[in-house]
Each structure stands twice: as structure tokens, then as C-alpha cells.
Amino acid sequence: MSYQQPYPGPTPNYNHAYAPTPQYGADFKNPYEGDRFKPKKKINDPIFLVLFIAQLLGYAALSGIALKTWIDEGGLGGGLGKGGVKSGIPVTLNRSAVYLLLLVTAAAVLLSSLYLMLTRAFTKIIMHITLVLTILLNIGLCIYFWITKYYSGAIIFTIIAILSVVSYFGFRSRIPLAALLFQVVMDVSKHHLSVYAVAFTALILTAALSVWYTFTVIATYAKWTPGSPSCATTSCSSGKVAGLIFFETFSYIWTSQVIGNVALATLAGGPYGCWYYFGPRSAGQMPKHPTISAFGRASTLSLGSISFGSLIVTILEMIRLVLNAAANNASMEGNPVEACLACCAACFIGFIESLVEYFNRYAYIEIALYGKSYIPAAKDTWRLFKDRGIDALVNDSLVGMTLMWGAYAIGLLSLLFCYLYLRITSPSYNADGQYTPIMLVFAFFIGMMCASTLGSAIEAGVSTIFVGLGEDPAVLAVRAPELFALIAQVYPHVVQGVPH
């Protein structure tokens with residue numbers, strides 16, 4: 001089997017400044033060893049597959065009932081712009097709220113696409129700009145909340161602002177290495193247009209799901225909020241609305257997670273994994289249609305395992321949202337101690353959620369490469385973490401942090417767009433500002449989900465390279481000695497494969 005240097009392209013010339021590395025030709029493994037790329041034909045974690053399908057069908061049924069009533073009643077009136085938004089029934093959200101969130105979704109899709117193109121063209125610059133921009137936005141929001149005496153929000157954004165400043169200075173020295181890996185991934189993806197096809201397909205599906213979720217939530221408010229016209233024939237209560245919105249949000253988060261993780265598994269088991277183990281397509285060793293094959297495995301045999309891991313993150317996210325709501329309520333009721341405790345608990349859950357998401361990304365790559373169930377994949381991922389050490393594997397964390405901060409910044413820009421629209425147009429349903437927090441949360445959520453789904457394509461490539469380095473470092477040592485030398489200089493232990 002012959003191995004070639006990485007694809008030529010926009011990546012820098014790696015040949016300078018790096019000493020030659022020894023060859024590890026005797027350590028090569030068969031690319032198909034251990035069911036790699038050819039897993040056994042069985043459905044993994046079927047219980048979670050059934051649960052995922054059941055909740056999705058339940059969400060669709062609930063959405064259909066709510067939307068039918070909402071459409072029959074004309075969406076409670078309302079329109080777009082200053083004149084349109086002041087019409088309609090003010091008791092609850094109306095069509096003007098839908099138009100607003102549709103505009104937010106369109107803006108999030110546009111910003112996410114622009115961010116990917118800019119990052120591809122200006123890797124180092126965009127890493128600095130994104131981190132600095134987010135720090136400034138966090139500090140600005142922190143100051144605004146303190147001035148307006150919105151203490152729960154002020155405490156949260158003070159913590160976030162401090163963490164973002166510390167993260168920037170802590171990771172700044174690693175930007176050259178992260179940029180190098182980022183450019184290698186971009187170089188590979190340039191020769192595999194399926195990478196962008198998968199990323200944009202996932203983005204479009206997430207955006208479509210966000211639009212569906214938006215319509216469903218507003219229709220739920222319109223149908224079951226006390227005082228709504230439909231209450232003449234249907235029992236309405238605030239508790240019912242809260243319970244249904246909770247389920248709809250849970251379903252939206254879980255389904256969005258599964259969409260993004262199926263895309264991750266498709267890219268890891270397709271173009272990126274095949275590039276690492278088989279070499280570039282020009283070498284003639286890569287299987288035909290690797291992306292289609294990987295998607296087939298991820299969306300069928302491994303969908304239950306992906307749903308399992310996604311459910312864990314969804315539960316943590318729902319707990320965090322409940323704690324944030326409790327903090328807001330405590331702050332509005334004048335209970336600063338309870339608000340502070342709820343904020344601290346929400347931050348702790350958010351930290352745990354971030355760790356689980358980071359861990360799961362590597363577990364999904366194991367699932368994509370070997371067709372494992374979630375628990376065995378998690379065990380192998382944990383062994384990889386213990387053998388390499390956390391510091392060795394978080395080399396790619398700067399790339400992930402940059403994309404995360406980018407998604408966060410896009411979420412904040414979506415929130416700002418929504419806030420300005422509400423302030424300028426003053427819609428009838430929000431005459432007293434009672435729906436402003438809800439609309440801002442929806443706008444931020446939609447913007448961040450769209451951006452993070454698109455960024456997962458890049459993270460998949462960087463993380464797949466590190467999994468390959470952990471299990472078969474000799475492959476990269478021969479195909480890309482300069483890149484391998486750079487990594488080996490920082491973490492010499494990488495030259496040894498993880499024992500199985």
C-alpha cells in the first residue's frame with residue numbers, strides 16, 4: 001500500500017522548521033482490522049432507537065394538532081413591520097412572532113455560512129477575531145445587565161466573561177498548531193465536496209427543524225393559553241402550556257443533537273477516516289463513495305447508539321434550562337440568594353454538559369469507524385483519554401472552542417437582532433414586554449444551533465485525526481511526516497499507539 005503527502009492546496013508548506021521523523025512502516029495495520037469501515041450487520045442500542053422514533057412521532061402529532069387550530073384561527077392576526085405587528089389579538093403570540101423568528105432563522109443560516117467561508121480563508125485571523133469578539137460581547141452584556149439591575153443575567157454573564165478571557169489567554173499559544181490542523185482538514189475537505197454537502201444538509205435540516213419548532217411553540221401558546229379563542233372548546237391552563245412547551249423543547253434539542261451527530265459520524269467514518277487510513281483518493285486505495293457508506297451506517301445500524309449519547313446531552317441541557325428559568329423567577333421575585341444558587345447550579349450543569357459533549361464526539365468517531373454500541377465506544381474512548389492524557393487530546397480543543405465561540409457569537413447576534421426588532425416594532429402581543437425573554441431565548445437558541453451544526457463538520461475532521469493518532473500514529477507519520485513531527489514535538493507520547 002502506497003501513501004502520499006497530504007493534498008496540495010491552501011495549507012502552508014510544512015517542510016520548514018521540522019526535523020525528519022522516523023518511519024514506522026512495520027506498525028501499519030490493515031485498514032479493515034477490527035471491523036473498521038465494515039461493521040457487523042446488527043442494530044446497536046435498539047431501545048434508544050425506539051425511544052427516539054417514538055418521541056419524534058409524538059412531537060409530530062402534537063405539532064399537527066396545535067398547528068391545525070392555529071391555522072384555522074388565522075394565526076391570531078399580526079404581520080410584518082410596524083403596522084403589521086400592531087394588529088392581531090394581543091393575548092398571546094401571533095403571526096408577527098412567527099415572521100420574526102423566521103427572519104432570525106434566515107439570519108442565522110446566512111451568518112453560519114459566512115462564518116464557515118471566512119474561517120476557511122483566514123484560519124488564524126478568524127480564531128483571534130472570534131475569541132476577541134465574544135469576549136467583548138460577553139463584557140458588554142455583563143455591563144448592560146448590571147446597569148439594568150437584571151442580577152441573575154449579570155451573574156451568569158460575569159462568569160462567562162471571566163471564563164472567556166481566561167480561555168483566550170490560556171489557548172493563545174496553541175493557535176499555530178490548531179490553525180495547522182484546521183488547514184489540513186480544510187485541505188482534505190477541498191477534495192471531498194461531500195464534506196460540505198453533509199454540513200450544509202445538516203444545517204438545512206436543523207434550520208427546518210427550528211422553523212417547525214418555532215411554529216409549533218407559537219401554535220401551542222395560541223391554542224392553550226388562557227384567554228385564547230380556542231379555549232372556548234378546549235381546556236386551557238398555564239400548566240398545560242408549560243408542560244407541552246417543555247416536551248417540544250426536549251424533542252427539538254434531542255432531534256437537533258441527533259442530526260448533528262449523524263453528520264459527525266458520517267464525516268468521521270467517511271471522507272476523514274478514509275483519508276487517514278487509506279490515503280488520498282488519488283492513491284487508489286480509498287473505497288468508492290465513502291460518505292454514502294458512512295451515512296448508511298450512521299442512519300441505520302448506529303442510529304440507536306447516536307441517539308443514546310445525544311439523549312444524555314439533551315437531559316443535561318434541559319436541566320440547565322430549568323435552572324436558568326428558576327434563577328430568572330427568583331430574581332424577579334426579589335430572592336437574590338435563590339437566584340445566585342440557581343445560577344451557580346446552571347453553570348455547573350453547563351460545564352458537565354460541555355465535558356460530556358466533548359467526550360461523546362470521540363465516542364461517535366469510534367462508532368463511525370468500528371460500528372460499536374455506545375457503551376463499548378465510550379469505554380474505548382475513556383481508555384484513549386487515559387492513555388494519551390487529557391492534555392494530549394485537547395490539542396484540537398482550540399478548534400472546537402473557536403467554533404463554539406463562533407456559534408455563541410452568532411447566537412448573540414441573533415438575540416440582538418430579535419431584541420432590536422421587538423423594541424422598534426413593539427408588537428401587540430408584547431405590549432408589556434412579557435414575551436421578550438421567551439423570544440430572546442428562542443432567537444439565541446436557533447442561531448447557536450444552526451452555527452454549531454455547521455461547525456461540527458470541521459470538528460469531525462480534527463477529532464478524527466486525533467483518534468487516528470491515538471490508535472495508529474504510524475499512518476500519519478509516513479503520509480504527513482512534517483505534520484506528525486509538529487505534534488510529536490509537543491506530545492512525544494503520541495508516537496505510541498494505544499494498546500487494545
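Every residue gets a Cβ built from N, Cα and C, even glycine.
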Revision key, fill the gap. Of the ranges 299-323, 324-348, 349-373, the one TrEMBL annotates as transmembrane segment is 299-323
Check your understanding: So which residues does the transmembrane segment (125-147) touch in its own chain, when a touch means Cβ under 8 Å and the partner is 6 or more beyond its ends?
Key -> 115, 118-119, 153-154, 157-158, 160-161, 164-165, 167-168, 171, 175, 178-179, 398, 401-402, 405-406, 408-409, 412
**Study point:** Segment-segment contact (the transmembrane segment (192-215); the transmembrane segment (97-118)) at 3 or more Cβ pairs under 8 Å
**Key:** yes
Point to revise | Selected stretch (most C-beta pairs under 8 A with the transmembrane segment (434-458)) from 46-67, 97-118, 153-171, 299-323 | key: 97-118
